[in-house]
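Per TrEMBL, domain 'GHMP kinase N-terminal' is recorded for A:122-207. Summarising the annotation, TrEMBL assigns domain 'GHMP kinase C-terminal' to A:294-358.
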2 protein chains.
Amino acid sequence: MQVKDCFVSAPGKAILHGEHAVVHGKVALAVSLNLRTYLRLKATATGKVCMNLPNIDTFLCWDLSELKQLVPYSCAKREELKCLDPELLRRLREFVGVTNGKLDTCNMATLAFLHIYLSVFGSGELPSLTVSVWSELPTGAGLGSSAAYTVCLAAALLCASGAIPIPLKEWDHTARWCQEDLELINSWAFQGEMIIHGNPSGVDNAVGTWGGMLRFLAGKIIPLSRVPLLRILLTNTKVPRSTKVLVARVKDRINKFPSVLPPVLDSVDAISCTCEKVLSEMTSEPITGEHYNILEELIDINQHHLNVMGVGHPALDTLCRVTLTRGLHSKLTGAGGGGCGITLLRPETDSSVVQSTVQDLTDCGFDCWETSIGGPGVQQHSRLSVKDEVLDVLNQY
Amino acid sequence: MQVKDCFVSAPGKAILHGEHAVVHGKVALAVSLNLRTYLRLKATATGKVCMNLPNIDTFLCWDLSELKQLVPYSCAKREELKCLDPELLRRLREFVGVTNGKLDTCNMATLAFLHIYLSVFGSGELPSLTVSVWSELPTGAGLGSSAAYTVCLAAALLCASGAIPIPLKEWDHTARWCQEDLELINSWAFQGEMIIHGNPSGVDNAVGTWGGMLRFLAGKIIPLSRVPLLRILLTNTKVPRSTKVLVARVKDRINKFPSVLPPVLDSVDAISCTCEKVLSEMTSEPITGEHYNILEELIDINQHHLNVMGVGHPALDTLCRVTLTRGLHSKLTGAGGGGCGITLLRPETDSSVVQSTVQDLTDCGFDCWETSIGGPGVQQHSRLSVKDEVLDVLNQY
């Protein structure tokens, strides 16, 4: 079977407002982060399936004949695969060589790939192909890098199999799928996330699929139709932290101060709702400085609230202080206790200011990217629309 | 008429929790600040009334014959003087030489003194005496320096007139008055505050009179019976600010974020109530490190909330950061936007840590005092119980 080549990308994810509060029944706003994961799928005639993940130094090839042996366990129809097939997963783990113990990033990426590949093609002939992936996202930083990866895998493999059409027209640079196809991509990506994370919320793959902004409340994910693209700096303090420990810390603090903390969660809920309203206004009326003033104030207030919840960190204080000296406002994003922060840039913020700020933050030992939030979800690219640096990496394979 | 000499002192005031929130119907906790104002009243035979206020370079003397001309306007009985006599005030202003315009500190102090002196003695013979006052409190810093002054004036002049007894026994170092006498002192001090401030809340003179801690809610002031004495640092950032402007700023912010800010005020209310409960426990059970942990966490949370209300200032951030590097927790006290902050010290905090911290804060350009909160209100002193440095100053007059 000969498949069609394709080039896809999917964005990372940041929490704009509502991290931690969402655990206690409040609204959170998740946004796409335009640090993207790029995947190139190339048809080959080698009789092999190859996977190149240069970010994690993983380069693997399997003979189709090897993979065919796993097929009987993956022949269930796509529509029936709403949850993972434990028997397929067991066989895959055995095949990859991890029968128990904690999986490393390489093993998880391999399992997710093979699971989607075998499930998508298992009912027919297995195609010979090479998948190469390059990501701008740091891994393990709470930025949805695994979901961006599984969304790209799902989109490219579903396209290659013909389960969804190739949306790119001759004259397009990029193209997206219709709602129904996106739902299929999202459900396959979610399966990949289950393999990697065990019990994911589904927010990361939804953001990777739909992009823009999502409202997340009590397990329900609602994509928001129109949001403006916002320039930001994304900073990784590189301070390691455990989301589980931080979630437990907030819970302990609520138990310790049962009258002081709950109103703070209510205030965070109101911040998310106010922010959603302001962003919606920014798409329907002329954007003014006052819109940005409000966004900045909400960022500052929420950062104080997150400190009150006990998930701040001196490195995050440094981020806020350093950016504020340039007139820029920052908050942690995600679990906190270190990890990443976002800094809002205004449309008129001069690139010299941005460069100086990036330099200041780099001097603090942080990694820092100028990017945006609210951009598109998974999309197909023409070769021309992919940045040279990404092409340079992927063309090596 | 020959009066008895006496030596009295009254404490300043700090807001422990609830500043600004109190304006919006929430609880505030006001505590006595053991930076005190000392007053020595000396009977003389010079036929003069002299007032020495070395803090503000004010040294004034009046012949009794001059003051007698004002007496007809101050002959109302003490019990009837629940509010200011506008005619007496007008005559006093004319006498002091300020018929209109803004009063300076010297004029206000003079008016308050003469008003209480003439009111207390006006129905009988005016005594020849010298009043000398020295205060450890900075003026105009929101620390109740004017109330400490008027409380001292009221206590000393009421004592001198025989309206209240001299509580000090031969063997005492310090002594306080009974509840009824304190109420009389407080009501005269409040009149002095009205002359100085126009429309005071009554909290400052109540703290100066009763000391300890007061619960302030919807204009009602409730002295709390027992509170522990807490070691603190009091820091004056010396950043000038206007309470009126800051109160307006909080109101504007509530109007701007009508769903985000009110829960924060609720949280501040809960902080005040939790703090009151913990302080009460500290007087009825053995004090533990956990009591102090909670007090520190409440300080940190409230400082974040005050920043959210918009009354923070970079100088206050510096105070918090500098003290935290020594493991000490700080918050602004009073209006914010600069002004003063308090830093909680633990009983076991080593004096070397305290000295280093004071040095660090002094290096930031701040004034810093090691003192305590929750100490006694107005009291009479034996000469032996007054610090040498205060005696040295007051003995010059």
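For all residues, glycine too, the Cβ spot is worked out from N, Cα and C.
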Quick check on the domain 'GHMP kinase C-terminal' (A:294-358): DSSP residue counts for helix, strand, coil, in that order please.
34 helix, 10 strand, 21 coil
Averaged over the domain 'GHMP kinase C-terminal' (A:294-358), what pLDDT does the predicted model reach?
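Across the residues of the domain 'GHMP kinase C-terminal' (A:294-358) the model's pLDDT averages 97 on the 0 to 100 scale.
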In the domain 'GHMP kinase N-terminal' (A:122-207), how many residues does DSSP put in helix, strand and coil?
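With helix first, then strand, then coil, the domain 'GHMP kinase N-terminal' (A:122-207) has 41 helix, 9 strand, 36 coil.
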